[in-house]
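According to TrEMBL, the transmembrane segment annotation covers 61-90, 102-119, 125-143, 150-168, 174-198, 461-479, 507-525, 537-555. Residues or ranges marked as domain 'Integral membrane protein YccS N-terminal' in TrEMBL: 105-377. The domain 'Integral membrane bound transporter' feature in TrEMBL is assigned to 428-549.
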Amino acid sequence: MPNYLLLLLFQTKRNAGKMIKENQQTTGKLMQFLGQQAWFEPVRRKFWANPDLLMASKATLAIALLAIPFVWAGQSFMAVTLALGALAGALSETDDHPKGRIKSLALKVISFGISSLAVELLRPYPILLGVGLAISTIVFLLIGGLSERYRGVTFGALLVGIYAMLGTEISPAWYWQPILLSGGALFYGLLSLALLFLHPYRLLEEQLARGFIALSDYLNVKASLFPSDEKLQEKIRNQLAIQNVQLVGALDRIKEVLNSYGDSLKDDTPLKPYLRYFMLLQSLHERAASSHERYDLLSSDPANLELLEGIGQTLQQLAMATKQFANSLLTGVPYRHPVSLGWTVNVLNDQLAKSKTDESQPLALLVTNLTRSHRSLLNLREDLQRNLAPRLEKDERNLIQRLKDQLNWNHPRFRHAIRLSLCFLIGFTISESFEVVKGEWIILTSLFVCQPSYSETRRRLFQRILGTLSGVVSGVLIVQILPTVPGQLLLLLAAAFAFFLWLRKKYAVSVIFITIFVLSAFNLIANKGVALMLPRVIDTLIGSALAILTVRLLWPDWQHKRLPGLLANALTKNTAYFQAIVTEYAQGSTDDDLQYRIARREAHRADNALVLAWQDMQVEPRQHQQFQKQAFALTYLNHALLSYLSAFGAHRQQQVSTNQALLDLAKETLQTLQKAEPSQLAPNTEEHKHVVNLLQAIRERILSSEQGVTRQQFTLLYNIADVTAQMLELANLLPQKASGEV
């Protein structure tokens, strides 16, 4: 018997391998045939260059393949329930290696089945269902905090549970919804998995492309600095700080996907090119984030205007080049470095060489930075030949430890779980007590509107309400034009496509289309879509009100209370980044500078936290908008400090580590930062005198140094110390009792 099983297993594996090989050959022949058609290549490039379009097409195809046959057969309930399962499967999909996707899909189908089955079995017992809903919400959210994969699965399970509550009244039998909702998710998952197997590294390419596009946007904003006056520069620098949030977020997502692929591959050889792209993006980001001088002061000198305009044009060309590289990653078309960028950089260097005035010399390091960025993109193929695979930062905690870390009243995710659970429980109680028509929409609204912070919830509230109202009005009008069953089905598919197309771009617009999707779905099932639109609006208003009240009353985390702690954290992370830079200057940089990269990214995350705190403060209640001016100033100064640190770090490879005076003053500046611990953000006369003396010592070194790289690096050091002094002085105006709250 065992021999028979082994033979059967071997035969099955061989047949599967043969089928995969035949499918690949068939696909290859099909692609070869299509490649010969004149129309195919432009369409292919446009399609692959837009990840949102690809996602919308994939989800709509799955929904169409599931819904059309059942609608045709007169089984509209089954068609819509399968479509909802596919919709939930698409919404909960995460960026994972194909092997990870298989595990995720298995977990998703099981959790969807359990969630919907529990709803069906407990529906006759409202008290048990309400308690179960509240407890399961907390459990699912805490499990979702373990990793990105679990986050997608548990969100989908919550969503499917609410969908099942909506469908219990019209379900023919208790077992149909668990089967159909899980089946819809399984079908979408298999379709998505099949497409992923055809192009296994597509998810990596998408995330890398998003990162390079974010860098391109950052460079375009920065180009506005050259030239600029003081007032304009302040506005642009705050735009840069906000744009930096998007860029650092993209870098973090790329790292997570790279780790997912690295954990799934035995041989990381196919991963090495993507690791090099990631390293390139990080180095380009550090150079882009660099500030070398007060550009408003340089702009005020007419002798610098021509050079500054050239720098602005070069930044715009670099932005175009990085966007072109992102397009290359998405479409698979080989990257061609723009010849015009090379010309612009050469002209810029010639212009700098001809300028002998002292006023133009501070721009030399910036021009060097731009030149190195240009060469990094130009020599990209040569860089890919290097065999070294850089290490990436990983979360080394096991799942148990991650779960324990969340079981804390101060942990944001635990607080969010309690808030959302309470929202669901109150919403369910209102629905049952007052027999609200389709009251489950109250819970569904709370799921999407209730966010971890007050400001996020407030933004989502207005987007949800505006989108729902617009969707109801437009949906009711469109339904009059398409009253037939085929028309309703077409409207449902079009709404699904538009929903996924806009989901990542603009949430309010996507809500319009999901509202039309719901209207079409209920028209298909019972021709009651229009009649249910008023209850949907009422339920949306109730659910939104519940979400905003819960977040406002339970741990609202007003930003003025968090500000001192965020500042202390930013100073700590900037100090660690500066320490890593000084170490690189003293010991020389290496190809695998993991600790340096970790320190840099943590400094950017801390800076982003300050930026987001200032942004969030703008939408908080007026009585909680305290220290708004200080928050703005601190955001500006911290981003300036990080920019000067980035510039100092970007030039660590320029053979100047032998200058002992530079190292000594850098270490003294570092000690000044290290003394500014969170517990010491209080007036300190002696420390203030020390900073003044340090600035004087650096100024003397600048004046005694000859023109060149070393003098410019002394200038950077002076700017770092000067901004640090300004931040410490401003920090003294904040309430010290809250300094530990982060």
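Glycine is no exception: its Cβ is also placed from the backbone N, Cα and C atoms.
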Should the transmembrane segment (61-90) and the transmembrane segment (125-143) be scored as in contact, given a threshold of at least 3 Cβ pairs under 8 Å and pairs 6 or more apart?
no
Looking at the stretches 102-119, 125-143, 150-168, 507-525, 537-555, which one shares the most CB pairs under 8 Å with the transmembrane segment (461-479)?
507-525
Selected stretch (most C-beta pairs under 8 A with the transmembrane segment (174-198)) from 102-119, 125-143, 150-168, 537-555:
102-119
Where DSSP helix means H, G or I and strand means E or B, what are the helix, strand and coil counts for the domain 'Integral membrane bound transporter' (428-549)?
99 helix, 0 strand, 23 coil
